[in-house]
Amino acid sequence: MLTNSERVKVLSEALPYIQQFSSRIIVIKYGGAAMKNQKLKDQVISDLVFLSFIGLRPILVHGGGPEINFWLDRLKILPKFDDGVRVTDQPTMDIVEMVLVGRVNKDLVATINKQGGKSVGLSGKDGLLITPRPNGKANLGFVGEVQNIDTKLLKILINNNYIPVIASVAADKEGQSYNINADTVAGEIAARLSNAEKLILLTDTPGILRNSSDPSTLISHLNIQEARDLTQTAVISGGMIPKVNCCIRSLAQGVASAHILDGRIDHALLLEILTDQGIGSMLVV
């Protein structure tokens with residue numbers, strides 16, 4: 001339990017950040033344990049609504065891997081992966097779209113609205129928000145990359161104080177649906193919005209670690225060159241590589257900072273954005 005003086009200190013520490021980030025866009029990729037655990041999910045949504053009420057303009061991009069796997073199993077379709085990427089044939093694509101757009105997205109929208117926010121659920125198909133292209137690996141099926149982002153619809157929503165919630169599914173000009181990595185979608189959206197302040201990736205790790213098995217080796221602040229050097233020396237490895245590359249790409253296109261943080265921590269978003277110390281890894285140019 002905080003004392004009265006500690007409560008005042010917390011509020012005082014947050015004030016400069018509230019002033020600095022007022023009316024600025026933050027793009028948050030949401031997935032992992034924070035999506036599976038109901039308590040963490042409620043806290044993420046509560047943080048999101050709070051940030052909206054104090055003047056920030058959050059955009060939420062989500063995945064939904066565990067829910068997809070649940071429905072594939074229920075329909076007796078065996079999930080397949082290649083180097084950690086979901087192999088997406090047409091039956092799998094149908095399930096991915098049903099789950100991400102029809103279930104996960106609408107549940108998040110309803111939760112935001114229930115907590116007092118105003119939210120609109122979207123997929124990449126809505127308003128031609130995302131134009132995909134095949135990723136070039138035929139064995140992966142309908143796994144896509146981002147070819148283009150049209151931000152007009154997002155700007156209308158955030159300018160009217162709505163929180164866009166985006167499922168990472170899109171369709172090409174022939175109407176073929178593609179499953180796109182949610183980290184990639186979040187990074188590309190942040191990069192295409194000229195006044196995006198932050199890209200935040202919620203993960204199941206503390207951030208970028210010098211020793212992947214030791215949370216105390218968290219690197220709390222680094223620039224693009226340092227991130228590239230750590231990748232070359234294999235300090236950054238495995239599943240962290242595409243996340244860091246996503247951050248680097250968004251920074252190179254004008255996003256002020258990119259953050260990788262542990263979504264399993266209570267109120268991770270508020271701690272990262274509104275405190276001096278933060279809790280994750282912040283990348284800057």
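A Cβ is built for glycine as well, from the same backbone N, Cα and C atoms used for every other residue.
Database features (Swiss-Prot):
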- LYS29: site 'Transition state stabilizer' (SITE)
- GLY64, GLY65, ARG86, ASN179: substrate binding site (BINDING)
- LYS243: site 'Transition state stabilizer' (SITE)
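Close to LYS243 (site 'Transition state stabilizer') in the fold, though at least 6 residues off in sequence, lie ASP183, LEU201, THR203, ILE260, each with a CB less than 8 Å from its CB. Those residues of the chain, other than GLY64, GLY65, ARG86, ASN179, with a C-beta within 8 angstroms of the mean position of the substrate site C-beta atoms are GLY63, ILE68, THR88, VAL96, VAL99, LEU100. Ranking the binding-site residues GLY64, GLY65, ARG86, ASN179 by the distance of their Cα atoms from the Cα of LYS29 (site 'Transition state stabilizer') places GLY64 first. A strand conformation is recorded for LYS29 (site 'Transition state stabilizer') in the three-state DSSP classification. The secondary structure of GLY65 (substrate binding site), as reduced to three states from DSSP, is helical. In the three-state DSSP classification, ARG86 (substrate binding site) falls within a strand. Within the same chain, the residues at least 6 positions away from GLY65 (substrate binding site) whose Cβ sits under 8 Å from its Cβ are GLY31, ARG86, listed in sequence order. Within its own chain, ASN179 (substrate binding site) has ARG86, THR88, THR92, MET93, VAL96, GLU97, PHE142, VAL143, GLY144, SER168, VAL169 as residues 6 or more apart in sequence whose C-beta sits under 8 angstroms from its own. Just so you know, the Cβ of LYS29 (site 'Transition state stabilizer') picks up 30 other Cβ atoms within 10 Å once every protein chain is counted.
Of all the Cβ atoms in the protein chains shown, 25 others lie within 10 Å of the Cβ of GLY64 (substrate binding site). In the three-state DSSP scheme, LYS243 (site 'Transition state stabilizer') falls into the helix class.
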